[in-house]
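The structure under discussion appears below in the form of structure tokens.
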């Protein structure tokens, strides 16, 4: 109705008073962890709590598509049917350079649509909801092109198109989830993005186990992975738009209606008013120029976000996802069986992040995750150097690149256990929490563009891992894990420095950086960030 907003919206002084209550003495939003000195936010009714959780869970189907694409490709490029149909070889292996290109071209496609010049158009013009639907449609197109491929060139085109879909989805899903989630649940609900990825990887492993070794079974796999995309397109029709996007388009009544469906009434009214005030301030300052991302506090936040996303890839997790079958078969284990176990560990280990993100906090999870990954890489590197030898290629077999042999069975098991321990640590910390953290730290005025830049950084790291891991494994063998360990160690130091954001309202997060090294000089400029 026409008086919906006026009936529910308090006068500005009351809104300001409530903000002060929520902020507490320090001015930091205490919603979510009931900080002392501030009035606890209204208890959310169970039906609204269920609704906002269901929205986040279903939108995470988009990240399941990402996981499916990560998970299916490793076993497929090792399958004889695929080698015969696409690479046209009947013995030996696909050359490491070609193998890397098949995997990494997906990342290049993702970089294109994750690029802020492209992603911000979809996010700001079409909105978060429609962008998810568009990404799903493109995913289906890419999968169909791949499934119909009879040449490497056609497969590469399909990989590129599929990558474009995931680049867009990876830019929008966490943003959509974080903008609908209340501060008290934002960490848990945003980690569902990574949980969706791990579930997709696990699902792909089971599908590959059943079909990949059958004649043209890899084509069936690519058809099956289109089913979640169709579900997402249909389901998103019934999900709400982001209230922040609606307010930015002048649709305040629609935004309030959405918030009232997923918040307690008092909290919904106050949040809509706060979003409106923030956007009005942004409008007074004008449309942000791209050069503003390179200035002051925003530039430093951007460097921080890009560093986190690069490290999330360079620690080497996707080396196991993309090339797990090659690694496990090389040390004498069943390649598909152990890859499936790894994916199962990955999936189960993401649940602690969902439970602990808003309890232990983002910083603690990333810190302990980085420490565990560092130890795992050191053990894998040492065991590999001491007990793994390289068998030279057999010239009688075309495409044979040689193999590894483990001289001690216990060393092989130590490497396998280290892989599982690495995956466990990545899954509860650096995997999901980096996405959560990057979705939180940017001012609304710059959020869509900044997330686009940081997501591109993630895909750059993904490309590096996909393209160069097979080359490194062939060249420096298990020294590769020392390289990954170095980046894990960087993650330890960076995580120890980060401010904690759990339970803090998005509009208040900038204050957390005021006393951090590298940000103190920009504290006075915080107001220009529309916070």
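One is the number of the first residue shown, and numbering goes on along the chain from there.
Quick reminder: no glycine exception, Cβ is built from N, Cα and C everywhere.
Sequence annotations record features per position, and here TrEMBL assigns region 'Disordered' to 1-39.
Among the features that TrEMBL reports, compositional bias 'Low complexity' is placed at 14-25.
Taken from TrEMBL, the feature compositional bias 'Gly residues' applies to 26-37.
Look at TrEMBL and you will find 49-73 (among others) tagged as transmembrane segment.
Note on the domain 'Major facilitator superfamily (MFS) profile' (55-503): mean pLDDT across this stretch is 86. What TrEMBL records for 55-503 is domain 'Major facilitator superfamily (MFS) profile'.
Counting only same-chain residues 6+ beyond the ends of the transmembrane segment (101-123), those with a CB under 8 A from a CB of the stretch are 69, 73, 77, 94, 130-131, 134-135, 142, 152, 155-156, 159-168, 170-172, 175, 245, 290, 322, 448-453, 455-456, 458-460, 462-463, 466-467. The transmembrane segment feature in TrEMBL is assigned to 101-123 (among others).
For the transmembrane segment (130-150), same-chain residues at least 6 beyond its ends with a Cβ under 8 Å from one of its own Cβ atoms are 59, 62, 65, 85-86, 109, 113, 119, 122-123, 157-166, 168-169, 171-173, 176, 219, 222-223, 225-226, 229-230, 232-233, 236-237. Summarising the annotation, TrEMBL assigns transmembrane segment to 130-150 (among others).
The transmembrane segment annotation in TrEMBL covers 156-176 (among others).
With a cut-off of 8 Å between Cβ atoms, the residues of this chain six or more beyond the transmembrane segment (188-207) that come close are 52-53, 56-57, 60-72, 75, 173-174, 177-178, 180-181, 221, 224-225, 228, 321, 336, 339-340, 343-344, 346-347, 349-351, 353-355, 357-358, 427, 431-433, 435-436, 439. What TrEMBL lists as transmembrane segment is 188-207 (among others).
What TrEMBL lists as transmembrane segment is 219-239 (among others).
What TrEMBL lists as transmembrane segment is 301-321 (among others).
If you look at the transmembrane segment (341-358), the same-chain residues 6 or more away from its ends with a CB under 8 A from one of its CBs are 32-33, 71, 184-188, 190-192, 194-195, 198-199, 201-202, 204-205, 320-321, 324, 365, 419-420, 423-429, 431-433, 436, 502-503. The transmembrane segment feature in TrEMBL is assigned to 341-358 (among others).
Under the heading transmembrane segment, TrEMBL lists 365-388 (among others). Sequence-remote contacts of a segment are chain residues at least 6 beyond its ends whose Cβ falls under 8 Å from one of its Cβ atoms, and for the transmembrane segment (365-388) they are 315-316, 331, 353, 356-357, 404-408, 411-412, 414-415, 418-419, 421-422, 424-426, 428-431, 433-434, 437, 477-482, 484-485, 488-489, 491-492, 494-496, 498.
Residues or ranges marked as transmembrane segment in TrEMBL: 413-438 (among others).
The transmembrane segment feature in TrEMBL is assigned to 450-472 (among others).
Same-chain residues lying 6 or more positions outside the transmembrane segment (478-498) and placing a CB less than 8 Å from one of its CB atoms are 307-308, 311, 314-316, 319, 362-363, 366-367, 369-371, 373-374, 377-378, 380-381, 383-385, 388, 430, 437, 469, 472, 516-517. Residues or ranges marked as transmembrane segment by TrEMBL: 478-498 (among others).
Counting same-chain residues at least six beyond the ends of the transmembrane segment (301-321), those with a Cβ under 8 angstroms from any Cβ of the stretch are 70-71, 74, 201, 293-294, 327, 342-343, 370, 373, 377, 419, 422-423, 426, 430-431, 434, 437-438, 441-442, 450-451, 453-455, 457-458, 460-462, 464-466, 469, 480-481, 483-484, 487-488, 490-491, 494, 513. As a quick check, the transmembrane segment (450-472) and the transmembrane segment (49-73) miss the bar of 3 or more Cβ pairs under 8 A, pairs 6 or more apart, so the two do not touch.
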